[in-house]
Structures are given as C-alpha cells and as structure tokens.
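K.L.:
Below are the features listed in Swiss-Prot for this protein:
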- 622: ATP binding site (BINDING)
- 42-52: motif ''HIGH' region' (MOTIF)
- 619-623: motif ''KMSKS' region' (MOTIF)
C-alpha cells in the first residue's frame with residue numbers, strides 16, 4: 001500500500017473495475033427484495049453543475065447502502081434530451097440540435113462516471129431517440145381512441161414578424177426575444193390530454209403518499225384546486241345567448257352588481273362591432289402575454305360592453321364589462337362580481353365607479369365599512385331579502401337550492417386544473433402522431449407508420465421549425481388517401497412522465513412496457529429531485545402512471561413511494577460596477593477576499609484590481625457567474641472528497657453553502673483514514689479478536705464502534721440524515737486515531753473497527769473504500785460486502801456514571817458496575833474524599849437513590 005492518498009490514481013482504477021465487472025447491472029430476481037432508487041434525469045446542457053452532483057450523490061449513497069443490505073438495487077440514468085435550449089444552441093453554433101445533444105450526452109456521461117456513480121449503464125436511454133419516443137407516440141394514439149385526447153384552439157404567444165410561436169420564456173417585456181417585435185396572443189389549434197378526467201384521483205391519492213414532502217402535496221392540492229360551488233345562468237338583454245358564471249360563494253350572490261367577461265368572449269366581440277373603445281381594448285388584451293401568475297399583480301382594466309344582464313333573484317339589470325383579468329381558457333370566460341366581498345372586484349368597481357353592495361355583516365354584527373377595502377370573511381347575511389340572518393353554510397345551500405329550483409343554477413364541482421396542452425410549435429421534440437386526410441378527417445397515425453421519425457439532419461434558421469418549413473415532410477398516405485402529418489411536436493414533459501417505467505425494460509421491443517419487469521421494479525422506492533418540479537413534472541408523472549395502469553401495463557396506483565427534494569447549492573456572489581453602471585459578476589474562484597475574525601467576508605477584489613461588492617450566498621447560476629465547476633473540484637481533490645463534502649455540509653433537503661474550506665476539510669479527513677489504514681496494515685497480519693479477553697478500555701472502544709454502527713445505520717436508513725451519519729464516523733475516527741496499537745488485541749480491535757468504518761463510508765466515498773477494503777483484506781469486493789451489523793452485546797454498558805449529591809449539591813461523579821446494588825453504590829461513594837468530608841460526624845437522615853443515575857444523601 002502506498003503511503004500517500006492519491007485519488008487521481010485510485011479513482012480511475014476503481015471506475016475501470018466497475019465498468020469491466022459490470023458491477024451495477026441488475027436483472028429481476030424474485031428471490032431478492034428489490035429497491036429502485038431514481039434521481040430525476042438530467043437535461044444534456046453540456047456540463048454537469050453542482051446541483052446535479054448533489055442530486056446524484058444523494059441517490060448514489062442511498063442505492064449503495066441498500067445494495068449493502070442485500071437488496072436487488074436498480075439505479076438507472078438517462079437523458080431528457082429534447083427541448084428548446086438545443087434549438088438556440090444549434091443556431092448559435094451553426095449545427096443541428098441532434099449532434100449538439102449527442103455530443104453533450106457523451107461529455108456528461110464521462111463526468112458522471114468520473115464522480116463514481118453506481119449506475120446500471122445497460123439501461124441508459126435518451127428521450128430523443130425513435131426507439132424511445134415511438135412508444136409514447138403509440139400510447140398517444142391509444143389515448144385518442146379512448147377519448148382522452150382532443151384538439152381545440154388555444155392562445156399562444158405569436159411573433160408577427162417571424163410568423164412563429166414563442167415559448168413564455170422567449171417573450172421579454174412583451175416583445176420577441178429575437179427581433180424585438182411586439183408579441184400578439186393568437187388562437188391556434190392544439191392537442192390536449194384530459195388530465196381533468198383524473199383530477200379527483202390525483203387529488204385523493206395524495207393521501208396515499210405518506211413519504212412525500214407535505215409542501216409538494218399541498219402545492220399539488222392547490223394546483224388541482226377542487227372547489228364546490230354553483231354555476232349560474234344570466235339572461236342578457238338584446239343578446240341572443242345567456243351568460244354562465246361559476247362561483248364558490250353563492251352566499252354573496254345578492255351582492256352581485258356587475259358581470260365581467262374575457263376580451264375574447266363572443267359577447268365582447270359582438271359589442272365591439274359598434275364600440276371603438278372596446279375594440280381597441282380587445283386588441284390590447286390580445287397583444288398582452290398573460291400568465292396566470294401575473295394576473296394577481298397586473299393593473300385591472302376594463303370597458304363597459306353596453307350590455308345589461310338580469311340578476312335572476314332580484315330582477316335588477318347589472319352591467320356587463322369586458323375585463324383583462326378574465327381569461328377565455330378558464331371556466332366559462334365570464335365571472336360574477338361582488339365588489340363588497342371580493343378585493344379584486346372591489347378595486348375594479350372603485351376604479352370605474354360601479355355599484356358596491358354589502359350583503360355580509362362584519363364579525364361583530366355591524367354593517368361592514370367598505371370605504372377602504374372589501375370584507376372577504378364569511379359571515380351572516382343582511383341586505384339579502386329572504387336570506388337575511390343566514391350564516392355562510394345555510395345561505396350557500398338556500399341560494400343554491402333556490403337557483404336550482406328556478407332552473408338557472410346547478411351545483412358543480414370545479415377544478416383549477418386545466419387539461420394538459422401537449423402541442424409545441426417547435427422542431428426538437430417528438431412529432432405528434434396524428435394526420436389529416438384530404439377530406440378533412442383527423443385520425444391517429446396508423447401503427448404501421450410508427451414511429452413518426454423526426455429528421456435529425458436539418459438546417460436551423462432560428463425562426464421556423466424545419467419540419468414546418470419542409471412541405472414534403474408532412475406528406476404521407478393513409479388508407480390509400482393523401483394525408484398531412486401533424487407538424488407540432490410533444491411538450492417535453494411527455495418524455496419525462498414515463499421514463500422511470502421504461503428503465504425497467506429499455507430494450508423491450510413488443511410494446512411500451514414489459515409488464516412483468518415493470519411490476520417487479522415499480523413503484524420507484526425513492527425519487528430524488530428539486531422541489532421546483534412539484535406541480536408540473538411530478539403531477540404529469542403521477543398522471544401518466546395512472547394512464548399506464550388503466551392500459552394494463554402497471555399494477556400500482558402511484559409511481560414513487562418516497563420523494564426526496566434536495567436543497568439548492570449556494571455560493572458566494574460578487575460583482576463590480578462597470579463604466580456604464582452595469583453589474584459585472586465575478587466568479588468566487590477569481591475573488592481575492594479579506595475576512596474578519598469570525599470568517600466573514602469584509603473586503604474583496606479581483607485580479608484586475610476591481611473593488612468587488614459581496615452580495616452574500618445565492619443559488620449557483622450563470623446569471624451571477626457563481627457556479628463552481630465540479631470537474632475542476634474533482635481534478636483538484638478527487639471525486640470522493642467532493643461527494644463527502646456534498647453529503648456532510650448540510651441535511652439533504654436543506655440548502656448547501658459551497659465553501660472550499662469545507663471541501664479541504666473533507667479531503668483532510670480522507671487522508672487521515674488512509675494514513676490510519678496504512679499504519680495499521682504496515683504492521684502485518686492481525687490475530688483474531690477475542691471479545692472475552694478485552695480490557696475495560698478495549699471494551700469501551702469496541703462499544704463506541706458498535707454504537708456508531710447502530711447510529712449510522714439509523715441515520716442513513718431510517719432518518720436519511722446523512723450529515724449526522726458522517727459526523728458520527730468522524731467522531732469514531734478521532735477515537736481510533738488515539739487508540740493504542742501495540743498489543744495483539746489492540747490491533748485485532750482496530751482491524752474490526754476499520755473494516756466497519758470503511759463499509760459505513762463506502763456509500764459516500766466508494767473509491768477510497770474499495771481500495772482500503774482490499775488493503776485490509778476484506779472478503780471479496782466491498783461492492784458485494786454486507787453492511788456492518790451492530791453487536792448488541794458489545795453495546796451493553798458494564799458500568800455507569802452515578803452523580804453523588806450531599807444535601808442536593810453535587811460532590812462527586814462515580815463509575816460503578818451497572819448491576820451494583822444501592823449498598824454497593826453508597827459504599828463506593830463513601831470512598832470519595834469529596835463525599836467523605838461532608839459525611840464526617842453527621843447523621844445520614846435520608847437516602848434518595850435513582851438506580852444507575854443519582855445518589856442524594858440528606859444529612860443533618
């Protein structure tokens with residue numbers, strides 16, 4: 001064994017061994033308990049960042065630990081390879097998205113291997129390959145036949161100059177990111193999957209997810225947004241149709257003083273024919289990108305349509321306004337407004353001088369003061385005719401019943417959740433497998449024409465999708481009739497909604513899933529990824545699992561038993577102000593800092609002499625130039641050091657502050673272990689441990705070893721507090737470093753301790769542990785070694801510490817055998833000089849003894 005720890009030498013050797021032995025490849029084995037450990041698959045952006053490293057290290061630690069418990073562990077990896085960034089990069093680098101993507105995959109695969117992650121590479125998949133997306137296309141056609149897929153027009157961001165659809169992130173301050181033209185909202189036909197058909201199940205089954213974070217479940221509950229209310233129909237004077245609204249507060253209905261409709265509503269369109277102001281307003285709304293998140297903060301605007309609706313219960317005429325806070329794609333495109341009891345309606349009514357009618361009393365029973373704001377709390381009705389005096393629940397039911405009896409109301413359960421729009425007007429995605437025949441019939445692409453392959457050898461102009469620009473690509477024949485293929489591609493959330501299931505049978509050619517393999521491995525035992533995926537990916541992931549279950553492919557209701565959301569990785573951020581007042585962000589690697597006595601940064605500059613402003617720790621990002629390249633750190637310290645720091649610096653679900661001093665500390669710890677094993681093995685062979693012949697000190701050290709095994713096992717396995725597990729190992733290492741090594745049993749005990757330490761550290765730092773296990777002559781490869789088991793007998797304390805008090809004041813602490821009687825403890829206490837002097841010449845009037853803990857002698 002060499003004296004110095006050289007990670008650059010041992011890590012490449014160990015990785016080569018894993019590759020050659022195919023150590024982490026697994027197959028179904030009914031004789032073994034399975035464990036499926038999965039980290040969210042990466043987008044092949046070009047380089048790994050520290051967020052990836054943290055996510056995948058957590059997953060690898062769990063997978064390696066479960067493997068050492070004797071389970072059949074599946075830990076696969078793949079690439080979420082479609083998506084918009086590849087199109088931008090292709091244009092910028094004058095290439096096509098496919099070669100850019102495949103080059104990135106090759107580079108990042110090497111980076112993952114360099115970090116020593118124990119993946120089953122035989123199951124690697126890339127979602128941009130026809131071998132993968134063909135099954136998604138087939139499944140989509142089956143969902144269409146089941147009535148779960150439909151096409152309707154929906155609003156998109158449209159650049160009139162480039163004649164193309166823009167993703168939300170390509171709209172900057174209302175303009176096209178590329179040509180700065182003002183963006184319009186345009187209605188175009190798009191494909192949808194009926195996720196709303198599963199809304200109740202998606203909501204109710206959240207209760208089955210005992211090991212998912214409550215925050216994620218709450219976010220999904222709110223996103224699904226189940227509400228119970230009443231749908232109410234209004235007649236409108238001089239208008240051919242009625243208006244329908246939905247409300248969750250029918251108790252406030254007597255306070256409805258106006259209706260508001262979306263700018264795109266047929267009523268608003270009709271009114272605009274003779275109203276130039278309204279026509280201009282509709283035009284303005286059409287050119288505004290309105291995401292739901294922005295609705296709450298934007299200025300509320302509207303124009304009176306001139307139409308009057310009739311309140312079904314009072315018979316009063318109330319105005320109908322077109323308003324920018326109502327969207328056609330939500331509900332009916334019309335809402336009832338109760339300005340006395342809804343703050344948004346109140347602000348709008350105040351702005352335009354509309355009637356505000358209070359109908360709910362304040363909590364103290366007085367009429368509400370509406371001079372500053374609406375009263376939004378529930379309460380008792382007044383000003384409501386026959387419903388006066390009713391509380392919220394009674395009024396809800398009475399008004400709902402009356403409207404229903406009149407034929408103008410219907411109780412409804414509504415959802416905030418909308419059907420999933422899966423059409424994207426982009427190139428780099430899986431083609432949607434639908435065709436339109438010459439006679440206008442729309443139908444799924446026949447099975448014998450699947451997959452519909454995306455051409456990869458294309459020229460990108462940065463404006464139009466190559467498959468939209470090439471009229472020949474869309475041409476096909478179905479049943480002998482000319483037809484045109486759909487040129488939209490799938491939302492990339494489609495691919496990431498079922499990849500976890502395909503990992504169970506990536507080579508299967510008979511269908512989407514091999515049910516036997518899928519049902520052996522599924523559900524996933526632990527799924528690891530960022531909380532930013534709480535409502536989009538993780539909802540579609542659950543939805544797809546239920547679709548596959550209903551298609552007979554899987555037999556479980558949910559895709560993952562446990563979800564672990566790792567915290568973000570933070571780093572110091574610095575900038576200097578440029579000549580034009582702009583902020584120039586400087587990498588923390590290039591910052592020369594001065595610190596105070598507490599280690600806080602008080603001054604910083606860069607190599608060019610710029611005075612730097614320190615903004616504190618923030619999420620590693622390109623925009624703040626504070627990302628730390630994992631590859632540089634691995635080359636400097638080794639993969640094991642980086643992995644150990646990642647797991648030790650913070651609990652897995654909390655933010656992690658990147659500190660290179662902490663990385664250096666992790667590296668020093670690994671060097672200490674290496675040195676201890678080197679010194680131990682240099683002394684030659686070790687005798688067998690005789691546990692019956694140990695001294696008290698040896699027993700105490702062995703007790704510490706086995707208590708550490710018990711704690712680390714609990715911390716990793718049950719609590720998943722990996723940082724405290726490492727801290728416990730470090731504490732034990734400090735004791736081992738001071739332990740005597742001269743005697744035969746000292747060395748035998750050290751051998752047992754080091755074999756345990758190396759196995760406990762193996763999930764965290766597998767390369768050094770692989771090597772040290774060999775040097776310690778552990779049996780076989782450590783990858784197949786069992787997890788150490790704490791010896792219950794070794795942990796039993798044979799002595800205990802008893803506090804001795806005289807008249808309630810502590811006078812001594814004594815060590816006694818655990819089975820000592822009260823008499824023996826009193827006798828031992830009396831031998832202590834500090835106790836004896838207080839007992840001299842006095843009478844012990846009372847003895848209070850708490851066995852094994854406390855002896856209090858009351859004297860007088």
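Heads up, the Cβ atoms here are built off N, Cα and C, so glycines get one too.
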K.L.:
Just how many other Cβ atoms lie inside 10 Å of the Cβ on residue 622 (ATP binding site)?
P.N.:
9
K.L.:
Report the DSSP secondary-structure composition of the motif ''HIGH' region' (42-52) as helix, strand and coil residue counts.
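P.N.:
Counts, helix then strand then coil: 3 helix, 0 strand, 8 coil.
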K.L.:
Would you mind listing the long-range same-chain contacts of the motif ''KMSKS' region' (619-623), meaning Cβ under 8 Å and 6+ residues beyond its ends?
P.N.:
49-51, 568-571, 585, 658
K.L.:
Residues of the same chain, at least six outside the motif ''HIGH' region' (42-52), with any C-beta under 8 angstroms of its C-beta?
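P.N.:
Distant Cβ neighbours of the motif ''HIGH' region' (42-52) are 79-81, 83, 85, 101, 104-105, 107-108, 111-112, 115, 126, 530, 568-569, 571, 620, 627-631, 658.
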K.L.:
Per DSSP, what is the residue tally for the motif ''KMSKS' region' (619-623) in helix, strand and coil?
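P.N.:
With helix first, then strand, then coil, the motif ''KMSKS' region' (619-623) has 0 helix, 1 strand, 4 coil.
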K.L.:
If you average the pLDDT over the motif ''HIGH' region' (42-52), what number do you get?
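P.N.:
Overall, the motif ''HIGH' region' (42-52) comes to a mean pLDDT of 95.
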